[in-house]
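**Student:** Handing you a structure now.
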Amino acid sequence: MEGVGGGGGGEEWLRPMDAEQLRECGHRMVDFVADYYKSIEAFPVLSQVQPGYLKEVLPDSAPRQPDTLDSLFDDIQQKIIPGVTHWQSPNYFAYYPSNSSTAGFLGEMLSAAFNIVGFSWITSPAATELEVIVLDWFAKMLQLPSQFLSTALGGGVIQGTASEAVLVALLAARDRALKKHGKHSLEKLVVYASDQTHSALQKACQIAGIFSENVRVVIADCNKNYAVAPEAVSEALSIDLSSGLIPFFICATVGTTSSSAVDPLPELGQIAKSNDMWFHIDAAYAGSACICPEYRHHLNGVEEADSFNMNAHKWFLTNFDCSLLWVKDRSFLIQSLSTNPEFLKNKASQANSVVDFKDWQIPLGRRFRSLKLWMVLRLYGVDNLQSYIRKHIHLAEHFEQLLLSDSRFEVVTPRTFSLVCFRLVPPTSDHENGRKLNYDMMDGVNSSGKIFLSHTVLSGKFVLRFAVGAPLTEERHVDAAWKLLRDEATKVLGKMV
């Protein structure tokens, strides 16, 4: 096996799927990954390379002959890893998490081994049927209304990202509205969201042909942790109705990106219902927490929703990508996204006896993503997954208390889940209201490589985000981050004197 570990290689690499070669290489890759995780704290959390660094160290054309695995591992260690920002580091507190786990990793391995393209039931019945079953399991864990189950008119499907989930929901809503009001009414369709809604909705509107001037961005209520005020939505809607426009879609969020705000679902749901609008709920981040009984109330009002999404790949130990979408009536999704060319026709599909997930998504091809979610649920169980969520929320609460113990800092919004929004309080003489002060503090700790934070802007304030959610994070990592922040705060405040 020269091409695997030793010298030349030659014909060894003309067998792309040899079981024994896979066994040897696979063992070595698993060892490499395990060693990476064991030593992950030794790496700077935020990559410290400069743009274009990789072009300087890799050749400008592909090799004519096969290289060795040893050489490849060396290049990964010396050239690739320096350019990796380590999302699985226990000191990663920047964006909402992207969880990995042994179960998720094993599921990805098995999915890669089967390497099916499961666009219809016939292409791999197990892929379709497992997805239906696991999404029903998850809906029951979240206590979603029975209409979202596959046994009713609705059902669940795995999308790549929440952006895709929001897009397909919007397309279904658009086509439902056009069917009711006429195909020439597109220019009158209006979407409602808040200024805290994820930018994915804006992109979805661009793709769906919704006029930019018909996207109502309602300013969130800073007195309600930046949740949207139903009264403001109703007011905007009334103005649009009087102008002859057609309100057709409301997007609410459970756990906004900037502050983890929870929009008032019951009130927004009633607005949507009263005006025959599609009501979508994006719980990409915080949906995972709602498997815990003490956080389930944040989904009260979901019974009025037409669609609901959350990301298992964020905070549910399921490797990226795995975004879960449920709809109350799958026919609207299928009518909007279905295509049926001759080469895809088959007996099972023609008999309408199976689910073809190609008609629930944008692309034709799809991966066997339900495997990893199934393995996460099987190997960890709901009780342990709830404990995992609670641990992160406890660590965020601990960090919040540390902030409150130092008068130099302020917690900008009340903590709801595992995100803490805070800033260094600027001196009264600071005409920038702390923007540069907090940017410099963030840049200082990020440049150290010891932790990674991100920021947002709330009511004009430059605010730092401390998002707990990496699988390896313990209390000692939170304490170390706090010490680093205090030291950096002393440094940047000293420069202002």
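Including glycine, each Cβ sits where the backbone N, Cα and C put it.
Swiss-Prot feature annotations, pasted as is:
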type: BINDING; residues: Ala162, Ser163, Thr257, Asn311; note: pyridoxal 5'-phosphate binding site
type: MOD_RES; residues: Lys314; note: N6-(pyridoxal phosphate)lysine
**Student:** Look at each of the binding-site residues, Ser163, Thr257, Asn311, and point out the one with the fewest other Cβ atoms around it within 10 Å.
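**Tutor:** Among the binding-site residues Ser163, Thr257, Asn311, the sparsest Cβ neighbourhood within 10 Å belongs to Ser163.
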**Student:** Within 8 Å of the Cβ centroid of the pyridoxal 5'-phosphate site residues Ala162, Ser163, Thr257, Asn311, which other residues of the same chain have their Cβ?
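**Tutor:** Surrounding the site, in chain order, are Thr161, Ala165, Val166, His198, Ala200, Asp282, Ala284, Tyr285, Asn309, Lys314, Ser323.
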**Student:** How far apart, in angstrom, are the most distant Cα atoms among the pyridoxal 5'-phosphate-binding residues Ala162, Ser163, Thr257, Asn311?
**Tutor:** 13
**Student:** Taking the Cβ of Ala162 (pyridoxal 5'-phosphate binding site) as reference, which residues of that chain separated by at least 6 in sequence fall under 8 Å from it?
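**Tutor:** Non-local contacts for Ala162 (pyridoxal 5'-phosphate binding site): His198, Ala200, Asp282, Ala284, Asn309, Met310, Asn311, Ser323.
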**Student:** What is the separation, in Å, between the Cα atoms of Ser163 (pyridoxal 5'-phosphate binding site) and Lys314 (N6-(pyridoxal phosphate)lysine)?
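**Tutor:** Here the two Cα atoms are 13 Å apart.
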**Student:** Give me the Cα-Cα distance between Thr257 (pyridoxal 5'-phosphate binding site) and the residue listed as 'N6-(pyridoxal phosphate)lysine', rounded to a whole Å.
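**Tutor:** Distance (Cα to Cα, whole Å): 12 Å.
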**Student:** Could you check what DSSP calls Thr257 (pyridoxal 5'-phosphate binding site) once collapsed to helix, strand or coil?
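**Tutor:** Once the DSSP labels are grouped into three classes, Thr257 (pyridoxal 5'-phosphate binding site) ends up as coil.
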